[in-house]
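Undergrad: One structure coming up, written as structure tokens, with questions to follow.
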Amino acid sequence: MSTKKSTTTTEMLTQKIKLPNSLQIPQIHLGLYEVPPSQTSSVVRTALGVGYRAFDTAQWYSNEAEAGRAISSFLSSPSLNRDGLARSDIFYTTKLRHNYESYDAARESIARSVEASGLGYVDLFLLHSPLGGRKAREASWRALCDAVSEGKVRMAGVSNFGVAHLREFSERGLEREKWPAVNQIECHPFNTQTEIRKVCEEMGIAVQAYAPLARGMRFNARGSKLGGLAKKYGCSEAQILVRWGLQKGFVVLPKSTNEGRMKENADVGWFEISEEDVEVLDGLNEGLVTDWDPTDAP
Ligand SMILES: NC(=O)c1ccc[n+]([C@@H]2O[C@H](COP(=O)([O-])OP(=O)(O)OC[C@H]3O[C@@H](n4cnc5c(N)ncnc54)[C@H](OP(=O)(O)O)[C@@H]3O)[C@@H](O)[C@H]2O)c1
């Protein structure tokens, strides 16, 4: 087993990577998919207490306002915000549910989300998927780029974009600064997305790995290689998966509503998976889709 200098959970949660556009992004975010609006406030507050500084929501999740409000009230509460964090210490991502052929409709929808967050600006705004067709992708992307120019959004990115959708940015002749900062895709050892990742790398687009735990679908399988590696490293299967994503250089978005599991998923700074074992994990690829896969949508 390789050794490395131990990094604390708090350090892991504040650790940032530099994107090709030179902006920085925390490498671990808390995913908020399927966190009911009624629980979002307490989940976000708990996560902030654990040390999470980055949150991934979406119009689709119906918890943008609750997440934003929980962040604002944490920041303004001296008893909770003991480190004196400012808005700029938090990274808030949301996503446009639909791509619109109407530029104005996209603009309005983006503005509504920024407003709903109550945070003044959104750090990262993504087109949630390529669905809707090329014209809708193009108009919605223009609207996002304009929101960036106006300062309502700091970075624009995409999600679930496949190779053909990514190529559209160069085909349209857009200058490099108007290409997505990130592509958020399902990515874990059971779905390694090699083709899309290769194009992201060529185009200087960072990968955000969603469902990094494969939604727990491959945990506790008798005799599994994942289980064997967890035993070998003395950690949990979830920690092996988070660590794999981090070592690949992805931004990872593990979701948990449970304080202990939130901590566990970020407590991965004390070990490193050897190159050999990373290859073992790469070999588990089976194209597993845990939720949806619109990466080859027309
Ligand atoms: N762009 C997109 O289309 C898209 C699609 C899917 C997801 N996402 C984003 O990615 C985030 C993560 O993906 P995901 O929520 O689908 O799946 P995930 O993070 O891979 O897995 C979440 C599941 O694993 C459980 N879990 C968490 N930590 C655990 C641990 N240490 N041990 C055992 N079980 C654990 C959670 O339950 P508990 O909550 O009970 O801990 C939950 O059931 C989402 O929340 C969302 O922000 C984006």
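Glycine residues also receive a Cβ, built from the backbone N, Cα and C atoms like all the rest.
For reference, TrEMBL lists these features for the protein:
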ACT_SITE  Y61  active site, proton donor
BINDING   H128  substrate binding site
DOMAIN    34-285  domain 'NADP-dependent oxidoreductase'
SITE      K95  site 'Lowers pKa of active site Tyr'
Undergrad: With DSSP assignments reduced to helix, strand and coil, which class does K95 (site 'Lowers pKa of active site Tyr') get?
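TA: Looking at the DSSP assignment, K95 (site 'Lowers pKa of active site Tyr') belongs to a strand.
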Undergrad: Just jot down the residues in the same chain as K95 (site 'Lowers pKa of active site Tyr'), at least 6 apart in sequence, with C-beta under 8 A of its C-beta; none if empty.
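TA: Result: T57, A58, Q59, W60, F125, L126, L127, H128, S159, Q184.
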Undergrad: Tell me, how many other CB atoms lie within 10 A of the CB of H128 (substrate binding site), whichever protein chain they belong to?
TA: 21
Undergrad: Around the residue listed as 'active site, proton donor', how many other CB atoms lie within 10 A of its CB?
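TA: That number is 22.
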Undergrad: Using DSSP and collapsing to three states, where does the residue listed as 'active site, proton donor' fall: helix, strand or coil?
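TA: SS state of the residue listed as 'active site, proton donor' = helix.
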